[in-house]
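To start, the structure under review is shown below, and the notes come after it.
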Amino acid sequence: MWFSSIKVITIIGFIIFSICVNAGVGDQGYLGFKYWKDPGAFSEHLVEGDVGRFVGFWSVLITAGFSYQGSELVAIGAGETKDPRKTIPSAMRWTFWGVFSIFIATVFFLGLNIPSTNKDLLSESQDASASPLVIVAQLAGVPVLPSILNAVLLTAVLTAANSDVYSSSRILISLADSGHAPAFLKKTNRFGTPYNAVGVCAAVGFLSFLNLSNDGTVVFNWFLSITSVAGFIAWAIISLCHIRFMKALALQGISRSELPYVAPLQPYLSWYGLFFSVLIIITSGFQVFIEWDTSSFFTAYISLILFIVMFVGHKLIFRTKLVPLNEMDVITGSDV
């Protein structure tokens, strides 16, 4: 909780600082939209002109998506939350508006205050010096702020790690409860903590030390691509499940107004999320088809390949079928 508060306060403070830097406070003087004109807001990639700028934009969507993945995990805490019918909808609204306002504003001001050709953005540094937040402070000539931001970035990493271990361990428990994971993962201590599941998930974090090897950048790009594509697969599945959930409600005569939380602009946003998630997944490695590289191909598509193999394999081994809409259980847990 404290780490999350520090992160939010820092981001708000950084937005205010960025406005001041853009207005002329700092070594660069008044900036305005200077860097949107030269070198430009969009960089060309592979080809020249507007098509090249669009290709450049599309080529970084996987990386951009990684920064926002995890926002869907809010609902996982429902089983351990007091009065989830009230707290979860509130948390969902805060997540949406928090991402839409604070995160988007941060990216907007980073684009105003850092030229896209800045060499530090493209560096292969293994520390926080390549962080755009730190670069803004360095360009402004504020000597102490980069160190402060580095400390805050550490708390942000700890917050993300804590959230990931929590959510992944609860998913393992759910799999164990349904018989799709070893039963020992369900064991808890007297405080209700599933220590076996937490230990298994936390152990995966040791893979991060691979980034300290001589090929650390290659390792990082593998992890980034694998987790990002997996995140887009999760978004696509969530969108598809929500579409089927709404159809099941309508078929069984249950009004969405009876739900504690009603997502806006549905089913259009779910179809939008499904379409673009699938499109981004399929085109995530389009560059390897222009200039073939086997390693880059597997970097881009290994998550998709594993998902298809495991999904089809599960269907073939366990002979499971898609649950008809009129037989879907949309009642269990609704009175929590």
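Quick reminder: no glycine exception, Cβ is built from N, Cα and C everywhere.
The domain 'Amino acid permease/ SLC12A' feature in TrEMBL is assigned to 1-322. For 6-25, 94-114, 134-161, 195-213, 219-238, 269-290, 296-318, the entry in TrEMBL reads transmembrane segment.
Contact count against the transmembrane segment (6-25) (Cβ pairs under 8 Å) is highest for 94-114, out of 94-114, 134-161, 195-213, 269-290, 296-318.
Confidence over the domain 'Amino acid permease/ SLC12A' (1-322), given as mean pLDDT on the 0 to 100 scale, stands at 87.
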